[in-house]
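Residues or ranges marked as transmembrane segment in TrEMBL: 154-174, 180-201, 230-249, 256-275, 281-301, 308-327, 333-350, 357-375, 381-397, 404-420, 473-497, 567-585 (among others).
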Amino acid sequence: MTEPRDVLHRLTAECHALSWQLYRVSTELAELDRQLHSPAPQFVPTAPIEPAAPMGPAAPTMGPWAPASMPARPASPTDLDPKPVGVVGDSGWIGKVLAVAGVAVTLVGVVLLLVLAAQAGILAPQIRVAGGFALSAALVGAACRLHSRPGGRIGAIAVAATGIAAAYLDIIAITAYYQWIPAAAGLVIAATAGGAGLALARRWNSEHLGVLVLVPLIALAPILTGDVDLLLIGFLLALSAAALPMQLGKDWTAMFAARTAAATLPLLLALVGIGEDNRGLLAAACAVGAVLALVSGLVVLPTTSRPAAIALLTAAGTLPVLAAGGAVDQVPATVLAATLSLVVLAVIGVHRALPPVVVQVFSALSAVAALIAVATAFHGSLLAPVLLAMAVVVAAAGRRSGEARWVATGFGFVGVIAYLDCVAPDTLISATKMSSADTVSTLIASLLVIALVVVMARAYALADNTNPANTPILAVAGGALIGYAVTAFTVTAGVAIGGTGGGFLTGHMAATLCWIVMAAALLRYALRLDDRGNRTWAITAGLALTAAATAKLFLFDLGTLDGMFRVAAFIVAGLLLLGMGTGYARSLAQQDDR
């Protein structure tokens, strides 16, 4: 049996150790608080409070007690002196800014050495080029040595970027400015040198190194070539392609943006000022840039944490293809845009694991490319039916897809604008004779407008995330489109068959009667609906269409139609309205009886 006094001594020792431990924690917390709230913290050591002596003997234990191990010696106050606190807020940004400035200034100096010195006749060309390569090699070697030293990473990245970019500028100079080697050989050498230099970025795991190489070259390379020409485009496309393997498995969004800019900006500038003789080569360069952008996006997407940004940058890389219609011939521009639309659509269909935001961006890109292809290939009265047909197909095929509904809405909106441009309201007010092609196009487009409204209404009803507050607005817009399309169809058909006299009047009479028939169909449809809300909207739409037909009958037909056309319009319309009222009342009575 252990003596009570031994138990008391052990408990006293444990309490003493616990006191020192609490003192250490309190001291460290106080020091942390001073570091966070005071720019110049001061430390005042405080002696620990000795634990109070026990007031009396401990109560005897009721059973056997295993001896506890003695605690370790508590730390003395001298071991708790705080370490010096560094300067608050110094995150190294000053060094980074100076390093970036050094990169820019040095590369400008290299350009001055290669171009302006040549214009001034200073040094021989061989000496200037050799000096540039020697400077590049020295900078890369110094960067490798600096990187191995403590605190030398920022400087090493800046120095290496300067050396790599200077070497690339040298290769551009001997190819484009001095013309010592053929363009094809220069592009191969440049791609090899750029890839080898940017491999250092992957080895050092530094996105900043890649960005510091790419961005200055975008700005300084045109100075060496003298203009934004096909050779400059080739060099920057080669650089962008050579930098792609460095991004494998890396989440480097800034470098992806720099690569995209390097390939895209020269192409967009060239589309503005390219000559007549190089349009075919420029179209091919735009295609290469689009392929590079899409491949890059698909390669980087699996490892990125910002899929939306990568998708948008990928779409931006295809802008030269979308804008090619302003600089290249109609056929190549149409083929480029249509191919881009189909390829992006195939990517969406094949890669089922794409994030939803990427699918949305790529769907919009495919739709815009298809719209541009159609607008480039078709003009005049052919544009409206083609766009409306595309809208109907997309809406019917993807009625349960939100992306498909938006794409169909876009096609339909542009198609309706083109339709209204061909069938303006003044052609319905006064008789207008159209050509055979325009007549057929108008008739087909009118039917497609009606089909589009019906299909979109069905897709809207099947959608889950629709806003009920938008239903009245969409219903009014759809009804107005159907009424306009019906009138355009009947009037155009009447003029085509009966001429601008009787045919025009017959067309308007038929339009009024068609409006009343559609109103009757809506009321009949409302009686079959079980849902009270849907029934209310159907009845409201039918009554509104009836009111519109009656207003047209009195405000337009009464003054425009003459003779038997006026008589027939009023008699037939009145009989239809009587039949509607009688049939609707009878149907309600039958429902009440059941």
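Along the chain as shown, the residues are counted starting at 1.
Quick reminder: no glycine exception, Cβ is built from N, Cα and C everywhere.
Remember, it's a predicted structure, so these values are computed and weren't measured experimentally.
Contact between the transmembrane segment (230-249) and the transmembrane segment (281-301) is supported by 3 or more Cβ pairs under 8 Å, counting only residues 6 or more apart in sequence. Cβ atoms under 8 Å from those of the transmembrane segment (256-275) belong to residues 210-211, 214-215, 217-218, 222, 228-230, 232-233, 236-237, 239-240, 243-244, 247, 282, 285-286, 289, 292-293, 296, 300, 309-310, 313-314, 316-317, 319-320, 323-324, 326-327 of the same chain, restricted to positions at least 6 beyond its ends. The stretch from 180-201, 381-397, 404-420, 473-497 that makes the most Cβ contacts under 8 Å with the transmembrane segment (357-375) is 404-420.
Distant neighbours of the transmembrane segment (333-350): 283, 286-287, 290, 294, 298, 318, 321-322, 324-325, 359, 362-363, 365-367, 369-370, 372-373, 376-377; these residues of the same chain sit at least 6 beyond its ends, with a Cβ under 8 Å from one of its Cβ atoms. Sequence-remote contacts of a segment are chain residues at least 6 beyond its ends whose Cβ falls under 8 Å from one of its Cβ atoms, and for the transmembrane segment (473-497) they are 416, 423, 427-428, 431-434, 439, 442-443, 446-447, 449-450, 453, 456-457, 460, 503-508, 510-511, 514-515, 518, 537, 541, 544-545, 548. Residues 92, 95-96, 99-100, 102-103, 106-107, 110-111, 114-115, 129, 132-133, 135-140, 142-144, 146-147, 180-181, 186, 189-190, 193-194, 197-198, 200, 204, 206, 208-209, 212-213, 216-217, 220-221, 224-225, 232, 235, 239 of the same chain lie 6 or more positions beyond the ends of the transmembrane segment (154-174) yet place their CB under 8 Å from a CB of it.
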